[in-house]
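Below is one structure, written out as structure tokens, with a few remarks after it.
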């Protein structure tokens, strides 16, 4: 078995950027900052530019090519002008860039092979004075830059490489993982990468860290790291319980059997239709997929709606006796036919233990001894002339009826209006009306577009 320090030394050698890589990034960042200042000079208001993020703090993993520049405008500038001037600067610096939207629009593009975000914000005095969420980012950068020495910075790189390798890195709402800022705060708080994983293996959520001891509220999240620049904010709010558990699992594995494997992301190969059918034959369950056009939304808006919709469909299936073994939302954005412009189709995919139910279902009333409620139940069915209803009769101590089941097959339910009555995301609901329903072997036809998430579904691991 490899010694842990030997493993980390090898990972550090390839994950920490070489001087030439750092110098190249710094040169490009300086060029971009100069271009930004030139664009600012053409505005009728004052502003400055600051580089933020991991590439500003030498805490990025080798190969990352992200440069984040924030243009800080006077706090008195209204939101409309901030957006107007911010976009003007962004398009001047990145003429081939495009607009994206966080709390307000910004420009994203490429320059000399680097991915660049040029974000306008307000130049507020403290993070507590923020006008929009992005205003706090320069304070994050200043806090960490003042505290991370070279050794801790290298340990941050190890932590990020580890989290990327296990699939738990990224605060986007698709991943729900560890943000870069959260990762750096944890390394700083625990004193290094090894102390972090040694601590994490024994965590019993909820776990809370408050670096500045200034929390002004309580939080309900499984991991709480109070923002040292904002006592009302949990930096780990986006982190899912699943990704926290995943981190703990691999922390234990790394310490028990040191290996470079957790630091090496593996892109799963897509399943083909034959692979899917092989899994179906072996599992003898009934898969179903509700497939529809993905709403034209950025991932941070799309994925919460897909998860909400999946939860609604799963509840609907379970409530009608089609017992769901496992389910997940999928998009074709990572499939081999994806064109890089985001998801075009989405699927709510579930594996069922039961796909067909009897024509009747049992409905229990209250115990006969509960006079008022029992009488109401009895009378409501005693006068029912529906020939498909059996009873009411007494079974044990209560009234029971057996009545016609609304849906006997899962296809009937998923193709009915009732399937759309569950809690769906607002934009998903519109597309859901034009859904396709696949049952059984028919789901294998999804493989060309959904092969990667299908492999993740049928070959799960921590």
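Our numbering is plain: 1 for the first residue shown, then up by one each step along the chain.
Each residue, glycine too, has its Cβ placed from N, Cα and C.
Of the residues 13, 117, 123, Swiss-Prot puts just one in the Mg(2+) site with 66, 68: 117.
The Cβ neighbour count for residue 140 (ATP binding site), using a 10 Å radius over every protein chain in view, is 23.
Remark: residue 54 (ATP binding site) has 60, 64, 66, 156, 160, 180, 184 as non-local neighbours, by Cβ distance under 8 Å and separation of at least 6 in sequence. Excluding the listed site residues 66, 68, 117, the same chain places 52, 53, 55, 67, 69, 115, 116, 119 with Cβ atoms within 8 Å of the centre of the Mg(2+) site Cβ atoms.
In this structure, the C-alpha atom of residue 140 (ATP binding site) lies 13 angstrom from that of residue 68 (Mg(2+) binding site). Taking the Cβ of residue 68 (Mg(2+) binding site) as reference, residues of its chain lying under 8 Å away and at least six apart in sequence are, in sequence order, 51, 52, 53, 55, 56, 116, 117, 119, 137.
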